[in-house]
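Taken from TrEMBL as is:
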COMPBIAS  39-55  compositional bias 'Polar residues'
COMPBIAS  63-80  compositional bias 'Polar residues'
DOMAIN    229-357  domain 'EamA'
DOMAIN    390-528  domain 'EamA'
REGION    1-83  region 'Disordered'
TRANSMEM  229-247  transmembrane segment
TRANSMEM  253-274  transmembrane segment
TRANSMEM  294-311  transmembrane segment
TRANSMEM  343-360  transmembrane segment
TRANSMEM  388-411  transmembrane segment
TRANSMEM  423-446  transmembrane segment
TRANSMEM  458-474  transmembrane segment
TRANSMEM  486-506  transmembrane segment
TRANSMEM  512-535  transmembrane segment
Amino acid sequence: MNPSVAANPSGEKPDEISTTGSIPKSDVDIADSIPTIVVESSSNGNNSPVTPSSPTDKKQTDESGFTSSSSQTPQQEDTYSASLGTADSAAAAATTTQRNSQLLDELKYLLKPTNSLANPDSPIQATQEADVAIKRRTLQFDEDILKETDRLLIEGLTPIEAKSLGAVERRSIASRGHRVSYIDAVSNRSRTSSVQPTSYTGSYAQPTSINLVHEPKPHRTLFDRLSDLMWICFAAYSFSIILFLTDKCGIDLIFGFCLQMIIQTVAFGIYAFYKGYSLFEPIEYRTAMIARSVFIGIGVLTAYLAYYYITLPNLSAFRQTQVILTVLLSLIVLRERITIPRILALVLTSIAIIVLTRPTKFGEALTTEYNTTNYKNSWIPYSSSWNYIIGISLALCTAMLHSIASVINRVYLTTQHIHDTVVCFWSALSALLISIALLCVTHFVIKDARSFPHDWRLYAAFGLALLSIFAFVANQKAVKRENSSIVTLIYSTDIILVLILQNIFTQFKSDAVIILGCVLVFTSALIICMEMLIIEKSRSTMLVKLAEVANTSTQHVDSPNPAVVDTSQKHISV
């Protein structure tokens, strides 16, 4: 025991107990100078010395259990308090200095000399730059708060809710980027000196969203307009002319159609290989592209089959109902709005179909001299009372299949770059396979089978097959040079052509019922085309105004001192 520590046998409370009297000052640890609180046991009745709280603390406790270091003099206590005060003052000074430094940096940034501040003639620009700097500071502060709020909200979401929120945010960012790219494209298009022609993704495809408006090329001469009209008329009338010539030359319709599909399949395949087009791309829309092509191919084949049973004016009238059926399918599938012109056209088309089917003669044998005098084969039921209904059904099937193909194109293939050659290759291939099967049945299987032509008719069939290739080229030039509504309107005038061909070059004249039905169908197609033209004109005006606004905003952005734009992505808040 340290001799400097003595017990108090009398039980009196000492004034001060020294614990470091015999220890040199240099050996005193810093921990020994800190007072220690020791609670004295109440059972210590014989006034025995109390064990210190630590073996290294050689200290004496009093009766109340409090002890203090005798080596901690008042001067040392003042020094310790002063050191603590100095540390607090240094920390406060450092914090104040840091804040002052941040404020000074912000003030230097606001007062930083710029081109506008160096020029005494532009005080307005200087004010705008200062406002922009302040707004940027505010936006950064608000963005930090929003990020923290969004983080707290997202942490409280379930995994399914967080996944849904992320999907919504991605869709919002994608749609915002699409709108920005659309504005840029329209702005760039309006700034160009010449207007680009309308681009189509297929022979039955609709124009893309940016090129929906067709504007005529500047400085178009009369020869250019007549050239465009010639291509459109040739494309519109080629189908009826080829079909009429095939029948007048005495060529079997199935054989002539099969020969045309063979030549078209080979021609389109060679051209696609020469251009390096892939017949199976894009992969994600391969099924829709092939389905659309199959519908088109089968639709053309049913038109040839319908010509076995009905006359060419009837066939053309039912084919032109494709325009109304496409509108009707768009109302059902695409949820397009119903307008008065569309309702009127639908009513006129329905009346035309009823008139052309002649329901008052359903009980009679509807044999026509046109069909019975040309073909006497047992596989064509011309003696049946349902032959006219079969022909009408096949013609309506043609219109329906082409309408479905148009709707598929609008839903799946509008935004994809699909070459016309690829679509036509699949259409010709699908029609070729079906026509080969029918050709084998009609020329080898049934009784009274037909024979293949071995005279000049074979060369005529080859010539008409090559003519169908030029008809395709004319169709592509027509849709690229002129407005789609005008092209559709001229296609509808095919009814007038077939009436002329039927009544001039054949001995079978059209009666008033057929003429009335053709007029009703043509009127309904005319109404739809005029509505399309008005809609496209209004859309053209809207896009021109949008382009002007985009150009104005672009001029502000391209100014020498543009305003600072916050391009950071905004977070979605719940």
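Placement of Cβ uses the backbone N, Cα and C atoms for every residue, glycine included.
Just so you know, TrEMBL annotations never went through curation; they're auto-generated.
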Beyond the flanks of the transmembrane segment (458-474) by 6 or more, those residues with Cβ under 8 Å of it: 203, 231-232, 234-235, 238-239, 242, 245-246, 249, 251, 255-256, 259-260, 262-264, 267, 424, 452
Residue numbers, six or more beyond the limits of the transmembrane segment (423-446), whose CB comes under 8 Å of its CB atoms: 202-204, 252, 254-255, 257-258, 261-262, 264-265, 268-269, 272, 279, 289-290, 292-294, 296-298, 300-301, 377-379, 452, 472
When counting Cβ pairs under 8 Å to the transmembrane segment (512-535), the leader among 229-247, 294-311, 343-360, 486-506: 343-360
Tally of residues which DSSP labels helix, strand or coil - the domain 'EamA' (390-528): 113 helix, 0 strand, 26 coil
